[in-house]
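Trainee: What follows is a single structure, and I will ask about it in a moment.
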Amino acid sequence: MTKLLIKNGTVIDPAGKNGGGRDILIENGKISKIGRVQASGARVIDAKGLLVMPGLIDMHTHLRDPGQPEKETIASGSRAAALGGYTTICCMANTTPPLDDPALIAYVVGKAEKEAVVNVLPIAAVTRGLKGEEIAEMGRCVAAGAVAFSDDGQTIGRSDVMRRAIEYAKQFNKPIIAHCEDTNLSKGGAMNESRLSTEIGLPGIPALAEELIVARDLLLAKKYGRVHIAHVSSAGAVKLVRQAKKDGAPVTCETAPHYFSLTEEAVREYDANAKVNPPLRTEKDRKEIIRGLKDGTIDAIATDHAPHTIEEKKVEFSLAANGLIGLETALALALTKLLPEGLTLKEIVKLMSAAPADILGLTGKGRLAIGADADLIVVDQKAAWIVDPDKFASISRNTPFAGARLKGKVLHTIVSGRLVVKDGKLVN
């Protein structure tokens with residue numbers, strides 16, 4: 001394999017030494033040297049004036065494969081990820097059929113090896129058919145390549161099933177990623193329940209629908225084992241996680257860029273591209289999300305990349321599908337929205353690389369260290385650009401950020417020592 005030398009970059013590594021004018025030598029898919037490096041015969045990338053970071057890791061991606069290639073595929077999703085700076089993405093189990101069987105896990109692993117330009121790691125279903133009743137074959141799914149378990153999109157309503165799942169997953173040291181929604185409270189809702197929902201005549205989903213199940217799962221975690229709370233959106237949920245951590249519960253959680261970038265005001269004009277579950281909430285909630293990111297309550301930023309067809313979104317708002325795409329905008333949103341709020345580059349990179357790697361137990365990833373996997377990105381922090389969904393590599397276009405001006409552009413993406421994005425474009 002060709003040697004690759006990244007020279008003169010400003011290294012941002014949440015777990016190591018940071019600073020400018022440093023070189024990174026890559027050999028045989030691994031980082032072999034860091035510092036002032038001379039390497040004859042190496043392909044050189046001049047990163048002067050640019051940031052060099054560990055490749056981002058998304059622990060919450062929907063690739064719709066198998067079953068819905070009109071929305072996304074492993075190939076297209078991986079290309080979108082590479083352009084957005086993600087070198088590893090973990091795909092959720094709510095496919096058609098769901099990833100509740102080791103053969104389906106093996107299908108994703110095999111297809112990713114053939115078609116993906118980044119690392120694609122499957123997340124297995126907790127229960128068969130995502131029905132919340134019978135635990136899936138966790139051990140065999142892990143053996144086939146699953147890195148976590150989740151019925152994301154569905155709540156495991158039965159507490160006894162959730163308890164058993166936590167205890168079983170503990171044997172394999174894999175997290176349960178919990179979608180927290182009391183559907184008795186959220187059923188029929190289309191946006192956050194608030195004064196605005198009343199004003200514009202849309203049925204609301206109270207924050208309590210999220211918080212009740214968060215509270216339950218935190219209590220189960222304290223008693224029985226590790227739980228990771230997905231897509232935290234409300235101030236109350238952040239506060240519950242903060243207290244649970246103080247009480248010593250083995251819990252982690254994530255939020256998504258839309259929850260620190262947008263509020264429910266994004267749906268005032270009935271833009272279905274801003275319809276997500278859990279819904280966008282109030283400015284008070286958004287500020288508490290940012291507070292949680294700053295004080296460590298929220299461990300990770302995940303995209304919850306959820307592709308949908310134009311037809312699924314261009315209907316009456318209440319009937320539109322939930323979800324938005326985020327792989328190609330997440331890093332720029334984090335840099336644009338969170339740096340002015342007082343988070344540092346190192347903290348943002350940790351939230352998007354090292355922390356997901358730690359939660360999922362991905363050794364050799366999320367860090368720039370000698371011997372680590374050569375998954376890196378080179379970023380122009382100052383580059384301003386306008387979000388144009390028609391230029392996305394994703395098959396789908398459902399983003400509420402169309403036309404937004406963001407700062408921070410991925411120039412180069414390196415996966416296992418291989419350059420897959422060069423000068424902001426995919427390498428054939």
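Backbone N, Cα and C atoms are what each Cβ position is placed from, and that goes for glycine too.
All TrEMBL annotations are machine predictions without curation.
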Trainee: Given that TrEMBL assigns D152, H179 to the Zn(2+) 2 site, pick the one from H228, H231 that the record assigns to that site as well.
Mentor: H231
Trainee: Given that TrEMBL annotates H60, H62, D152 as Zn(2+) 1-binding, name the residue from D285, D295, D299, D304 that shares the site.
Mentor: D304
Trainee: Measuring CB to CB from H308 (substrate binding site), give everything in the same chain under 8 Å that is also at least six residues away in sequence.
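Mentor: Those within reach of H308 (substrate binding site), by Cβ under 8 Å and sequence separation of 6 or more, are K71, A321, G323, S396, N398.
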Trainee: I need the nearest neighbour of H60 (Zn(2+) 1 binding site) among the binding-site residues N94, H179, H231, N277, using C-alpha distances.
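Mentor: Minimum Cα distance from H60 (Zn(2+) 1 binding site) across N94, H179, H231, N277 lands on H231.
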Trainee: List the binding-site residues among H62, H179, H231, D304 whose C-alpha is within 10 Å of the C-alpha of N94 (substrate binding site), in sequence order, or say none.
Mentor: H62
Trainee: Using the centroid of the Cβ atoms of H60, H62, D152, D304 as reference, list every other same-chain residue with Cβ within 8 Å of it (recorded Zn(2+) 1 site), in sequence order.
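Mentor: So the extra residues in range turn out to be T61, M92, G153, A230, H231, A302, T303, H305, A306.
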Trainee: Give the sequence-ordered list of residues that share a chain with D152 (Zn(2+) 1 binding site), lie 6 or more positions from it, and have CB atoms under 8 Å from its CB.
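Mentor: For D152 (Zn(2+) 1 binding site), the qualifying residues are H60, M92, A93, N94, I123, I177, H179, A230.
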